[in-house]
Amino acid sequence: MMSQGSSPSLLEALSSDFLACKICLEQLRAPKTLPCLHTYCQDCLAQLAEDGHLRCPECRETVPVPPAGVAAFKTNFFVNGLLDLVRARAGGDLHAGKPACALCPLMGGASAGGPATARCLDCADDLCQACSDGHRCTRQTHTHRVVDLVGYRAGWYDEEARERQAAQCPQHPGEALRFLCQPCSQLLCRECRLDPHLDHPCLPLAEAVRARRPGLEELLAGVDTNLAELEAARMMEKEALARLREQAARVGTQVEEAAEGLLRALLAQKKEVLGQLRAHVEAAEEAARERLGELESREQVARAAAAFARRVLSLGREAEILSLEGAIAQRLRQLQGCPWMPGPAPCLLPQLELHPGLLDKNSHLLWLSFENQQSQKDSGKDGAGSQGGEEAQSPREDGAKMERQGAAQPQSRDGAQTPKEDRAQLPQENGAQTPKTDRAQAPREGRSQMPQEDGEVQTAGGGRSNKKRKFKGRLKSISREPSPAPGPNLEGSGLLPRPIFSCSFPTRMPGDKRSPRITGLCPFGPREILVADEQNRALKRFSLNGDYKGAIPVPEGCSPCSVAALQGAVAFSAGARLYLISPDGEVQWRRALSLSQASHAVAAMPSGDRVAVSVSGHVEVYNMEGSLATRFIPGGKANRGLRALVFLTTSPQGNFVGSDWQQNSVVVCDGLGQVIGEYGGPGLHGCQPGSVSVDKKGYIFLTLREVNKVVILDPKGSLLGDFLTAYHGLEKPRVTTMVDGRYLVVSLSNGTIHIFRVRSPDS
């Protein structure tokens, strides 16, 4: 017999998840099991069948429909038995508001029996007090188990009822399935066995299960072994990906160090050449040198003043700009009014010639070589200093070698070295007999042309490798790779909102026993935020300046996941439940959610009197009383089982914005579930979309945790560009929220919170 505490939780899980059809989201009706072992309603499967096939909504496996239709799929007697148990507990024939006896009408001819007070677990009938007293007084029923109806409805006898429950024959109502026809592998009742299975060898169900259970257990053990191997392979794949990212970051650092080494060598040569130039000018005419010094001095002063003015205009706040406006304007007018000296006297004009290697587009100072991870491990075990010889030599080593030599001798594509006497002529680009501006831009332009061209990989010897690979974009750290801009690039045009850093603060408080794990953020009033710390089971309040304002009590044992603030209340999800509590922690109501989803995203509607929650691919909206106001599937019924909204928010326009991990996209839909826009393009960098927030104008801010970014989309879901990157201090951003439509709050995996003011283009 099951205890009173365990039975309700079991039935709650079965009724909300296992016994629910993943297509219509209702309790299963006429359950049919597909070959992939997923069970759905017969009518729902009939709607999915097309051209003799259907695709399982969960595993996407294509299944042929039997010639007799979806009704020929196997009936799930296991689910039928559980459904019978649930239905029997939930209700029956009513008499004056109570279940009626099932035997009284058969004996007395009355139209309805008396109130039932007991139930026979073998007959599955509700009995009145008189019928229950005499029910076990016959040979046929003396072994039957009669229990109290109240206890049965409470779930005290579920296990015992399941043991005595018999599957009913679909062909002969009232007859229990008792035999298994071995040649036909078909379950039979006594009537079915008479015809046409009379001559077939049949076994009682218990004996058939004993005979076939070992085979099933052996197959199950084999699948468990496969699962262990799959898990090991998945972990190895994750480790390989982690090693790849780690190596990519390391190589990116090596590339930058090597490039800096080359630049130092070039700058040393630049200094030497400029020294010769300066000596020539000084020896030619003292007056020209004095004029040159005066011009350079004025130029430096003007550049410093211009740089200071630009820095104030781009980074200063409004009050700071206005306080310095008078001094800056006065200085700039003073610089503009300075008289310039006349042109230089005629003299011998120096000319610069470039090394031929810099003019060759096929000459590379940096390149990549590739080898598999196993060979890297082997070379590491052997203690080799390099990675497999000259071809595997890293750019960092090359750059260090070039720096030690002072200036590397460039190589052409055929590996021929150029004369040594030409080394002093490296700094300029493309025959730069041009003024000072071209000379200053030459090193930067040279760096931009150094990466490989046409996807060819050069070996350390200067020649081409036999392998050709395509590289999209420059080799950079993954957190710094710019997002692609579809259509006209709005980045840098002043048409996108810009971030202005406000403050940063930790969320770990003295009473916390563990490091914070922020899983939810929401605005709490005009100048506060509410932080859901799942690790410490707390809802913490902070001001936008980072001041701790206390915590909102949560029910005992609850670990808040997602959180939303309503009018005078707070809604949050924890496990498979949705809670609504008052600001002082009093629970107003709770609702059970689907167990098939690990976490449930919660968002407040713009009106503040309703809360939306994502449940198994659809969205449910509850009012302040806890009643279900509406429920819809993004994109309509055609998308049943095809979406999994892990993050959810609402816009001031009343639209829903969610991160769909099933389709790996960001979806925008209206209040009726009609999709307005959806984005799953290259701007996601192959990552699963993370937390979403919307500002007062409808711009969508999407978190990409793996690449340390927050990108911005327009109100219809089209990618506009990057908003925050690693350069803004993002290190594994986790959850975001928008406060007052102007402040973007970003939480990091280490529990730190950054706050940025969103500066609109027209401000």
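Every residue, even glycine, has its Cβ placed from backbone N, Cα and C.
The domain 'RING-type' annotation in TrEMBL covers 21-60. Per-residue pLDDT, averaged along the domain 'RING-type' (21-60), amounts to 85 for this model.
Note on the domain 'B box-type' (164-205): residues 75, 77, 80-81, 84-85, 121-122, 124, 145, 211 of its chain, located 6 or more positions outside it, place their CB under 8 angstroms from a CB of the stretch. As annotated by TrEMBL, domain 'B box-type' applies to 164-205.
According to TrEMBL, the coiled coil annotation covers 227-298.
TrEMBL lists 374-497 with the feature region 'Disordered'.
According to TrEMBL, the feature compositional bias 'Basic and acidic residues' maps to 393-404 (among others).
The compositional bias 'Basic and acidic residues' annotation in TrEMBL covers 436-447 (among others).
Per TrEMBL, the feature compositional bias 'Basic residues' maps to 465-477.
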Problem set entry | Residues in the domain 'RING-type' (21-60) grouped by DSSP into helix, strand and remaining coil | 7 helix, 11 strand, 22 coil
For this session: May I have the DSSP-based helix, strand and coil counts for the residues of the domain 'B box-type' (164-205)?
Result: 7 helix, 11 strand, 24 coil
